[in-house]
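Colleague: Below: one structure in structure tokens.
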Amino acid sequence: MRGYLITFEGPDGAGKTTVINEIIKQLPQSLQERTLVTREPGGSKISENIRTIILDPENKEMDDRTEALLYAAQRSQHVSEVIRPALATGKVVLSDRFIDSSLAYQGVGRNLGIEEVKQINDFGTGGLEPDLTIFLDLDPAVGLARIEKERAGQEDRLEQEKIDFHNKVYAGYRELFERYPDRIKKVDANLPIKDVAANSVKIIRKQLPDIFM
């Protein structure tokens, strides 16, 4: 039984974590038992430590290239320590963010270039790509308003960026959606969470039917 990597992407406040938790509830019990949920930045002890550095609001002087390299570093560790071993045992891995986040946030948002950022990430992950990516499509302003309502004053370093940055990131996601239409599928994240999750499960069933066998 082969493993599958399904990633969830979208702007800050799109509800990725909540949607993934709801998706788990909607999966058959047998599939729930072979599913591993993880996140980025993070997912392993070392990667979580790097996450703290990346997102700490105190690190305002962080250079854009440093940021991109730290994301690639935590991803390299995450893949080698968590994702590849899980895939090797036939797990279905659901990851809250993966390489597309770097391509959108650092490649486009930080103007470092999609291809340049992809190159350092491919080096770190050995070229591992998701079998399917769910893009939770939401206007960045709506997402940031959600964050402010839920945890005002506790935003991380990237969430604190100006709206112009978040709009560029969103444009980056749209570009990736158009560039990789076979892998990246869009879901309207304005809908209620249960509907967003149900629509995501429909896409998974259609794109990766073998998972449910």
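The chain as shown is numbered from 1 upward.
Here the Cβ of each residue, glycine as well, is placed from N, Cα and C on the backbone.
On a predicted model such as this, the values are computed, not experimentally measured, just so you know.
Take a look at what Swiss-Prot says about it:
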BINDING   G10, P11, D12, G13, A14, G15, K16, T17  ATP binding site
Colleague: Look up T17 (ATP binding site) in the DSSP assignment and report helix, strand or coil.
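Modeller: Helix, per DSSP.
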Colleague: Within 8 Å of the Cβ centre of G10, P11, D12, G13, A14, G15, K16, T17, which other residues of the chain have their Cβ, at the recorded ATP site?
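Modeller: My list of surrounding residues reads L136, L138, G143, A189.
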Colleague: Helix, strand or coil by DSSP: which one applies to G10 (ATP binding site)?
Modeller: coil
Colleague: Within 10 Å of the Cβ of G13 (ATP binding site), how many other Cβ atoms can you find? Include all protein chains, please.
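Modeller: If we count other Cβ atoms within 10 Å of G13 (ATP binding site), we arrive at 23.
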